[in-house]
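S.K.: The structure is given below, and queries will be raised subsequently.
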Ligand code: HEM
């Protein structure tokens, strides 16, 4: 039988991660407007969501290596297939690059040793040891460089997301069951 939909696991990972990414971006845009006492909790929540997304990104990549995604309908043109592959692999890159740059920046934070991080306030989750113990000058440079990368990468994320959503909607409007490929249900 010709497979036209992603598996349930892929759908679950796709939508949980989509919600997590939107939440993290929304938090980052909103926390500058929060009252002082709420900024720290918002950033901590951002880190907890981001670390969860890193774990899910690993699961997702493993899923991807173990499965061939459903093939495209015959009507998809060559350039559309190429564009779609480029955007998908770009998004995989971002799924790792965003949390990793955030985690590295956070591990290089000068007060990291005195301010442990708790996953949604529960268990302590690790920072990257060799970065925490770097010579302070180098550690500060790592902090600033990866902080800048984290901030710049958000624009690549927005561009890829726009293309991803525009592509999906275009195919849907062309009459293909594009969204159904990634939607649970019948
Ligand atoms: C997919 C996951 C993530 C996304 C989409 C994301 C997105 C963002 C965005 C859009 C900003 C605002 C950048 C700016 O204003 O220039 C930001 C800031 C930040 N993120 Fe993330 N992030 C993610 C994961 C993480 C993780 C895992 C950590 C740390 C463990 C982290 C730590 C931070 C910190 C410390 C800031 C800067 C806060 C400040 O301005 O002081 N992020 N993030």
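Backbone N, Cα and C atoms are what each Cβ position is placed from, and that goes for glycine too.
Because TrEMBL annotations are produced automatically, they should be read as predictions rather than curated entries.
Got these off TrEMBL a minute ago, pasting:
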{"type": "DOMAIN", "residues": "5-185", "note": "domain 'Cytochrome b561 bacterial/Ni-hydrogenase'"}
{"type": "TRANSMEM", "residues": "12-32", "note": "transmembrane segment"}
{"type": "TRANSMEM", "residues": "48-66", "note": "transmembrane segment"}
{"type": "TRANSMEM", "residues": "86-105", "note": "transmembrane segment"}
{"type": "TRANSMEM", "residues": "152-169", "note": "transmembrane segment"}
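Quick one: where do these features end up spatially?
M.R.: Outside the transmembrane segment (12-32), and at least 6 residues removed from its termini, the chain residues within Cβ reach (under 8 Å) are 6, 38-39, 42-43, 45-46, 49-50, 52-53, 56-57, 59-60, 63, 95, 98, 154, 157, 182, 184.
If you look at the transmembrane segment (86-105), the same-chain residues 6 or more away from its ends with a CB under 8 A from one of its CBs are 17, 21, 47, 50-51, 53-54, 57, 60-61, 64, 127-128, 131, 142-143, 146-147, 149-150, 153-154, 156-157, 160-161, 163-164, 167.
Same-chain residues lying 6+ beyond the ends of the transmembrane segment (152-169) with a Cβ under 8 Å from its Cβ atoms: 21, 25, 28, 80, 83-84, 87-88, 90-91, 94, 97-98, 101, 178-179.
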S.K.: Could you tell me what the rest of the chain brings near the transmembrane segment (48-66), counting residues at least six beyond its ends with Cβ under 8 Å?
M.R.: 7, 9-10, 13, 16-17, 20-21, 23-24, 27, 92, 95-96, 98-100, 102-103, 117-120, 125
